[in-house]
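Visitor: From Swiss-Prot, here are the annotated features:
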ACT_SITE  His62  active site
ACT_SITE  Asp105  active site
ACT_SITE  Ser106  active site
SIGNAL    1-29  signal peptide
SITE      Lys71  site 'Role in lipopolysaccharide recognition'
SITE      Tyr176  site 'Role in the phospholipid gating'
Amino acid sequence: MYVAMIIRKYFLIIALLVMPWLAIPSVSAADKGWFNTFTDNVAETWRQPEYYDLYVPAITWHARFAYDKEKTDRYNERPWGVGFGQSRWDDKGNWHGLYMMAFKDSFNKWEPIGGYGWEKTWRPLEDDNFRLGLGFTAGVTARDNWNYIPIPVLLPLASIGYGPATFQMTYIPGSYNNGNVYFAWMRFQF
């Protein structure tokens, strides 16, 4: 009964998340398709990691143009927490990672998140240790103010890194007084 109520309440959101998956055209046998590529990359990152990662949440920032001041004055923007993961670099130099992280959210309540991240990586300098990345993360989170119901997430990723240290970030889109949050963390590879 409770699950049915949630599905009815969030039908539009669920439909918008599922519709793009249904609209993907079929692919030829020679091309394994985006979904098989995705699942192969997740599996390879799970089975053959090159690194183990420590995630340290650094900042959340609520876009001031999208919030009432009295709300932002109450929100936590120091997301204390920690996370762990494993990652690898593919033959094109792109980053793949699996991670679990828990941090204090805007209401200073614990929020877990876990998933897969991918970034196309550029090394614009002669020093290959310096890199920039753009990509996405697909995962699941849960929040206190939503009764810790698992919520799927598909968010953009961007990063700047040098050697084993990377400053990685995302933006959670939203409406007025909801979402519109910049979230960033440090990732250290071991």
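Glycine is no exception: its Cβ is also placed from the backbone N, Cα and C atoms.
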Visitor: Among all protein chains shown, how many Cβ atoms are found within 10 Å of the Cβ of Ser106 (active site), not counting that one?
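Guide: So the Cβ neighbour count for Ser106 (active site) comes to 19.
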Visitor: Would you count the other C-beta atoms found within 10 angstroms of the C-beta of Lys71 (site 'Role in lipopolysaccharide recognition') for me?
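Guide: Around Lys71 (site 'Role in lipopolysaccharide recognition'), other Cβ atoms within 10 Å: 13.
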Visitor: For Asp105 (active site), which of the recorded positions His62, Lys71, Tyr176 has the nearest Cα in space?
Guide: His62
Visitor: Measure from the CA atom of His62 (active site) to the CA atom of Tyr176 (site 'Role in the phospholipid gating') and give the result in Å, rounded to a whole number.
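Guide: Tyr176 (site 'Role in the phospholipid gating') to His62 (active site), Cα-Cα distance: 11 Å.
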Visitor: Are there any residues in the same chain, six or more apart in sequence, whose C-beta is under 8 angstroms from the C-beta of His62 (active site), and if so which?
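Guide: Lys71, Thr72, Tyr75, Glu77, Ser106, Asn180, Val181 - these are the non-local Cβ neighbours of His62 (active site), listed in sequence order.
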Visitor: For His62 (active site), name the DSSP secondary structure in the helix/strand/coil scheme.
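Guide: Note: His62 (active site) is in a strand by DSSP.
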Visitor: For the recorded positions Asp105, Tyr176, which one has its C-beta crowded by the most other C-beta atoms within 10 angstroms?
Guide: Asp105
Visitor: How would DSSP class Tyr176 (site 'Role in the phospholipid gating') in three states?
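Guide: Reduced to three states, the DSSP call for Tyr176 (site 'Role in the phospholipid gating') is coil.
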